[in-house]
Amino acid sequence: MHIFVINSGSSSIKYQLFRWPQERPVCSGLVERIGADQATITHKVFALDAPEMPATEQRLTLPLPNHEAGLREVVRLLTAAPNGVIQDPADIAVVGHRVVHGGEAFAATTLITQAVKTEIRRLFALAPLHNPANLLGIDVAEQLFPQARQVAVFDTAFHQTLPEYAFRYALPEALYTEQRIRKYGFHGTSHQYVAAQATAYLGLPDARLITVHLGNGCSVAAVRGGLSLDTSMGFGPLAGLVMGTRTGDLDPSVLLHLLGPLGYSPEQVSTLLNKESGMLGLTGSSDMRDIGAALAAGDARAQLAYDLYAYRIRQYIGAYVAVLGGLDAVVFTAGVGENDALVRRLACQDMGFFGLELDEAANQQRIPGLREISLPSSRAKILVVPTNEELEIARQCAQLLA
Ligand SMILES: Nc1ncnc2c1ncn2[C@@H]1O[C@H](COP(=O)(O)OP(=O)(O)O)[C@@H](O)[C@H]1O
Ligand SMILES: CC(=O)OP(=O)(O)O
Ligand SMILES: [Mg+2]
């Protein structure tokens, strides 16, 4: 059978089609810059006997006003000659959706029903960049694949193992018991996947890992024996690390000052913190490739932004060594974590105290797949592990339906 996985982001859609139970990627792709003048679709098709490297890659540039237009174009690519991979959308038995916020209602992968969609909608306010796009992806997929079973895999689910003293805030109890205000944590599918890869690589079932997911959104998790013990994002995906457009940790007094003396509305504060801050607010761009280029050209704002971004990562590594009571490896993953050697160098700087020693030559190499970038003398390893949220989502769909 075929499982199709959709990871709808705020302005992008990642997708992957798998042949199951072989776990074979049939095709994968990325729709970027949805809503901009010209969107792009990169569509890769894999050969049956060589799933490591795409056999063909197509790149399309076209206007895509919204997610629906994007997904319709993807379905056209799936079936269109000469590189079509399925005869008919009905060949897809299961569609797995990444859903960012599952609240406390969803601690596990869930078959999507009307009631599940209502709950995902109820959580819009807590993940305004994500849940609306995720629900849109579900609505469009229900239309395009009416015979398929639709399954939700929640970013929050992996972090449901946090102990209560880690997930509770020091607020009056009723705000937790009645309003469910607590830390949820996000990027769980990615943290779970790379932690499993690293644990297998190290051959340590009880490995103490700090997984550092650096994409547009960024988060750190403390993982021991495959269980999440703490993570840097909280009630919504705003807390913790500095991100592309989000602040990360911020003293709540700043919010009070914005809402009070400075006269911001709640909507303006939300836009400020979610969409106008982070690396974008510091430098004018949210894309690390642009900021890296500006830094190379001697831009002082880019230097400060890199320093601030890496400093926050170092603070969390220190904190999570304490949470784990030691450290076997730090794992870098996602767009920035897998590709930006300077971020990794700055994040691992002066960490000898924690037994972390970076091998700068290995750090600079661009090799696909899991790789070790620490020196042989390093007590804890530093790993780069490419994430594959789509494969993890497909596995969880298959487990649910088995
Ligand atoms: N070669 C690269 N060097 C530095 N940063 C990169 C590189 N490739 C991608 N990135 C960065 O990765 C980020 C996006 O990561 P990704 O994991 O795809 O995010 P998301 O899934 O949240 O959309 C962007 O900030 C982008 O600049
Ligand atoms: C939860 C989150 O921040 O996701 P993303 O990194 O895809 O924006
Ligand atoms: Mg991502």
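Glycine too: its Cβ is placed from the backbone N, Cα and C atoms.
Note that the coordinates shown come from a computational prediction; the quantities given were computed from them, not determined experimentally.
As recorded in TrEMBL, the features of this protein are as follows:
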ACT_SITE  Asp155  active site, proton donor/acceptor
BINDING   Asn7, Glu389  Mg(2+) binding site
BINDING   Lys14, His213, Leu214, Gly215, Asn216, Gly217, Asp287, Met288, Arg289, Gly335, Val336, Gly337, Glu338, Asn339  ATP binding site
BINDING   Arg98  substrate binding site
SITE      His187  site 'Transition state stabilizer'
SITE      Arg246  site 'Transition state stabilizer'
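Mapped onto this structure are the features recorded in TrEMBL.
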| residue | record | DSSP class |
| --- | --- | --- |
| Asn7 | Mg(2+) binding site | strand |
| Arg98 | substrate binding site | strand |
| Asp155 | active site, proton donor/acceptor | coil |
| His187 | site 'Transition state stabilizer' | coil |
| Leu214 | ATP binding site | strand |
| Asp287 | ATP binding site | coil |
| Val336 | ATP binding site | helix |
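Listed in sequence order, the residues of the same chain lying 6 or more apart from Asp287 (ATP binding site) and placing their CB within less than 8 Å of its CB are Gly244.
The recorded positions under consideration are Lys14, His187. Their Cβ neighbour counts within 10 Å are lowest for Lys14. In this structure, Glu389 (Mg(2+) binding site) is part of a helix by DSSP.
Nearest in space to Asp155 (active site, proton donor/acceptor), taking C-alpha to C-alpha distance over the recorded positions Lys14, Arg98, His187, Arg289, is His187. Spatially, by CA atoms, the recorded positions Arg98, Arg246, Glu389 include one closest to Arg289 (ATP binding site), and that is Arg246. The record assigns Lys14, His213, Leu214, Gly215, Asn216, Gly217, Asp287, Met288, Arg289, Gly335, Val336, Gly337, Glu338, Asn339 to the ATP binding site, and the maximum Cα to Cα distance across that set is 20 Å. Taking a Cβ cut-off of under 6 Å from any atom of ligand 2, the binding-site residues Asn7, Lys14, Asn216, Asp287, Val336, Glu389 reduce to Asn216. Neighbour counts of Cβ atoms within 10 Å were taken for the recorded positions Arg246, Arg289; the minimum is at Arg289. Of all Cβ atoms in the protein chains displayed, 27 besides its own lie within 10 Å of the Cβ of Asp155 (active site, proton donor/acceptor).
Candidates Asn7, His187, Arg246 (recorded positions) were compared with Lys14 (ATP binding site); those inside 10 Å Cα-Cα are Asn7.
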